[in-house]
């Protein structure tokens, strides 16, 4: 499998498959060039959505997708461990990492098989982190002082176990109840109604504030050793930006060519993993040679790799995560409302990811029934994530979309393989334990890049609006500034909210300390009330590409129809055409005005979008 040659003599990112002459054509953008390479890569796919590559290629690319999402998935339990009072309990952290991998694999299989059916990975979502951390920062859930001191923490004591499990249980219940809203919106078809009122000026502050609101976590981790964290950041930047077009030769064997080499753009595919691994190795060497201080009170101690003891040795080889493993979930009304804000943002992102994924995998635009089903399955995924106790939900991963543009293998069987890989990895306890030995300065260096890219991805939505308009400048600036100012003031003055109703006070406290909610609320309110033309607001550019959805084409049925002959069985019943998530559902064109935002086309890659998608893979 040798890489193709482009006209400029460089190896193409696509894999050339031995013995296969048929390729799928990718849609071109308006300037007639491929949508994911500025050098004009070949506009062909090695495998389309419905194709089945050889089993060894499925496994290889499935592992690659797993590794691509690795950075984002493990970051979530490590951030949550601070709010759950688990900073000094590496073994429980390893269980959380294993659980989130297991659930991500399970949800991926559900989405590819019964959901939108596109080759798109499911994993933890940062949109739920802000409301989650806001809930855990409330006075009643703040960590006791003794849990912050490693010498005072006995991780096996009933008192400590009750401290973190009570917090996890309230997260579980809030996520499970909040996810029911996403299930309802998806399977009822209400997602189209929501999209009519949400444009770039709502998306931009909402997504940007997800990254900005986590600056404290990034700074706190990086500040434990700025040298190590800076090195990690520099490595990730060098790999992802400066070396991304450099191909590295790897050995390969085929019957035709025997042993030979093939070039893979490894730096563009796995920049975060390579950066973390190299920094991790350097910290290990500095630890065994006692370069880093061994005194816990000295600066730089947290850069050592041995501070958590023999976590890998104590972790079980095999551990099967199961629902309710941390106890019976409880529900917090404040937590539910906070989670709802994150769920709405997650749905908006996912609809855009579906269109981007369809374009890069050679599939027709996703019809409405597939979008409805995909959002509904994501809601079920969040329900399962809450039940299993990940402390988070699930969403479609933009990292995965970027990998499709690089490999040009759009087969959903690859994602099925990736789902099985994540499930298997989630059942090996020692794998999760290994990840907990990553020093916090290395994690902080990764956060500096990751959260910055998330923030920039939100700002990039403004490219569809007229930013010469004073109206748009006011809306975006006001939304961003209030999204930072109000939560900061509320956190410093939590007793200022006193309505006399304790439950209402808790709800307001969580919502008003969630930057994403505050900024998104003002963006939504002002954009829909201040007069402005659709072109000025970015509505026309946002919704331009998919005016006509191909609901009834044979190709669309092959891609988005349900498996195992379910679609054929449903077609024999006339009532299924009224069910919004059935493949036989018919939509009247009179009900779809051109101004509708149902398709959220902004996430479809144009000339520059692929770089944004690949960037978000950090």
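Glycine is treated like the rest: Cβ placed from N, Cα and C.
According to TrEMBL, the features are:
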- 54-80: transmembrane segment (TRANSMEM)
- 100-120: transmembrane segment (TRANSMEM)
- 175-194: transmembrane segment (TRANSMEM)
- 226-243: transmembrane segment (TRANSMEM)
- 264-289: transmembrane segment (TRANSMEM)
- 326-344: transmembrane segment (TRANSMEM)
- 414-436: transmembrane segment (TRANSMEM)
- 442-461: transmembrane segment (TRANSMEM)
- 473-491: transmembrane segment (TRANSMEM)
- 506-526: transmembrane segment (TRANSMEM)
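As a quick check, the transmembrane segment (264-289) and the transmembrane segment (442-461) clear the bar of 3 or more Cβ pairs under 8 A, pairs 6 or more apart, so the two touch. If one looks beyond the transmembrane segment (100-120) by at least 6 residues along the same chain, the residues whose Cβ comes under 8 Å of a Cβ in the stretch are 49, 69, 73-74, 76-77, 321, 353-354, 357-358, 361, 363, 366, 370-371, 373-374, 376-378, 380-381, 384-385, 388, 390, 392, 394, 396-397, 400-401, 404, 410-412, 414-416, 418-427, 432, 559-563. Contact between the transmembrane segment (326-344) and the transmembrane segment (175-194) is present: at least three CB pairs lie under 8 Å, with pairs separated by 6 or more positions in sequence.
Taking Cβ pairs closer than 8 Å, the transmembrane segment (414-436) reaches residues 47, 53, 57-59, 61-63, 65-66, 74, 90-91, 93-106, 108-109, 112-113, 119-121, 308, 311-312, 314-321, 400 in its own chain, all 6 or more past its ends. Non-local neighbours of the transmembrane segment (54-80) in the same chain are 1, 15, 17, 86, 93, 96-97, 100-101, 104, 121, 123-126, 129, 132-133, 214, 217, 269-270, 272-273, 276, 390-392, 397, 399-400, 402-403, 407, 409, 411, 413-422, 425, 435, 438, 443, 446-447, 450, 617-618; each lies 6+ residues outside the stretch with a CB under 8 Å from one of its CB atoms. Long-range contacts of the transmembrane segment (442-461) within the same chain, counting only residues at least 6 positions beyond its ends with a Cβ under 8 Å from a Cβ of the stretch, are 71-72, 75, 78, 126, 200, 203-212, 214-215, 217-224, 228-233, 236-237, 240, 272, 275-276, 279-280, 283, 303, 398, 538, 602, 612, 615-616, 618.
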